[in-house]
């Protein structure tokens, strides 16, 4: 006689209730050959269901040995037991145990998903099984749209999906009417005829009468094991055969499982829209806060830096004396036009301009104003990046011939001429020198500039020779070439000036240091605000964990069903972890979209500057979403994977 397919020796199963321990099974010895149709009967509480659970590797024995096709199960871990359930057993439950949010076809496919069967083959087999059971027109129907008999046929198809070498049917007709029950028993007999080993657990003698062999269990012991010969025409006409579909290779199977985890996660999330929305709300708020704050900070930084650049962030100013406030500075008259010429020869220097200035009286008609009169070179407007609103600036030729021309600023234009008079070509008195207005600068909206100051500019030669009567310079302004390091250029300027003067009787002022300070400050502020926003992300993550823990509790029976059809602990853990990550990623995407919407509204109401979104902040936001999903989804996923399949299936 061949080795039994299922062989139990001395199997006992005890349970603890408080301080008491009781035996549900007592020293069970049982062998079941491949291809048998066996009925296990007994009253409620007799131990028959516990025996079925041990046979199906859903439960474990406290003592004894249980072999499946010669393989000892006693020392197998949870993963190996899951593989045994997946490869050998198909379960048919009294209450069908179909997942309500999946269609009939997807319910049937579930065991093959965990077996790693390719999608095309999986779909084909599910259709074939459902068609064989008369459900070809109900592939897309959910359990709530099917009758009890139809649901049980879906359950049978699911049991056969991976071959179902052993069919374990727990009260398969218990929830059905007589006609549907008879139909299900006919299907089980057909499966037996095809070579499947069919084990029926029932308390109904009429159902048990369909089996070849009837085993009666009472008080945890087998009290009867008798043959029940059927008419010859009903006996199996073929030897047992394996109809298990070939699985995919390991790598392909793993990738397929990961893909299916995403599909199943999406179905689960869509099936509970309100819960999903509330779960991701905290993530949406957190991501929106982080991305928006970073964008506002970057926009503010660029706005400030732009204003600094407008007053000369890439310029170096040279002044007489040791530093600002030096009492000896007025007596030092060593800055000369020749220094400007020498500085213009340096490779690092884009342009340099002399500067002299005094507060003098301006007069036009009967209007007198005090303004700062600046004597500069024709390069001054390039050095300071000052744009003209109208007219032109003076030329090098104007400087050589000490032309009596002047460029005025926007404030001076308004004060002297008003809005209705074109100042170009008008003659004004600068001190006692009549000068023709040839240009007007744009209005200065720089946040670092005093908005009410009046400035006019003359060629340096004109100002020094005809207005101020001095040859030395008050200061020199040097514009650095683009791309050149400011500190390096500053050192070369200092070295050249010391060589020319023979001593260090000057000091330099470089606005680049101010720019760096602003950048550091803005980074610190953005970091501070981001940390505050991250707190909301953490709160959102805790919300995800709480809802996922609730979800695990609500879906305990689903977890038990998945384990019964072959899901390993790692599959369950991956399923819930993927759900948590998906919630956070969707929340992150919504949060980023909201940030862009806020940025658009921001530009409508605030014209001076705008929010600046960077790819780095968006990638960081998605990375944070993923990390939060993994970190805060791990505990619920771990709890789900650790559930006992028997307890999970028993949960309502």
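Here the Cβ of each residue, glycine as well, is placed from N, Cα and C on the backbone.
Of all ranges given (504-524, 525-545), Swiss-Prot attaches the label transmembrane segment to 525-545. Within the listed segments 209-229, 230-250, 251-271, Swiss-Prot records transmembrane segment for the stretch 251-271. If you draw a 10 Å sphere around the CB of residue 46 (ATP binding site), it holds 21 other CB atoms from the protein chains shown. Below 8 angstroms of C-beta separation, residues 269, 279-288, 290-292, 295-296, 540, 613, 618, 621-622, 624-626 of the same chain, each at least six residues beyond the ends of the transmembrane segment (586-606), sit close to that stretch. Long-range neighbours of the transmembrane segment (277-297) within the same chain, counting only residues 6 or more positions beyond its ends whose Cβ lies under 8 Å from a Cβ of the stretch, are 522, 525-526, 529-530, 532-534, 536-544, 547-548, 583-584, 586-588, 590-592, 594-595, 598-599, 602, 611-614, 617-618, 620-621, 624-625, 628. Listed in sequence order, 170, 201 are the same-chain residues at least 6 apart in sequence whose CB falls under 8 Å from the CB of residue 49 (ATP binding site). Along the domain 'ABC transporter' (6-244), the predicted structure has mean pLDDT 86. Listed in chain order, the extra residues whose Cβ falls within 8 Å of the Cβ center of the ATP site residues 42, 43, 44, 45, 46, 47, 48, 49 are 203, 217, 218.
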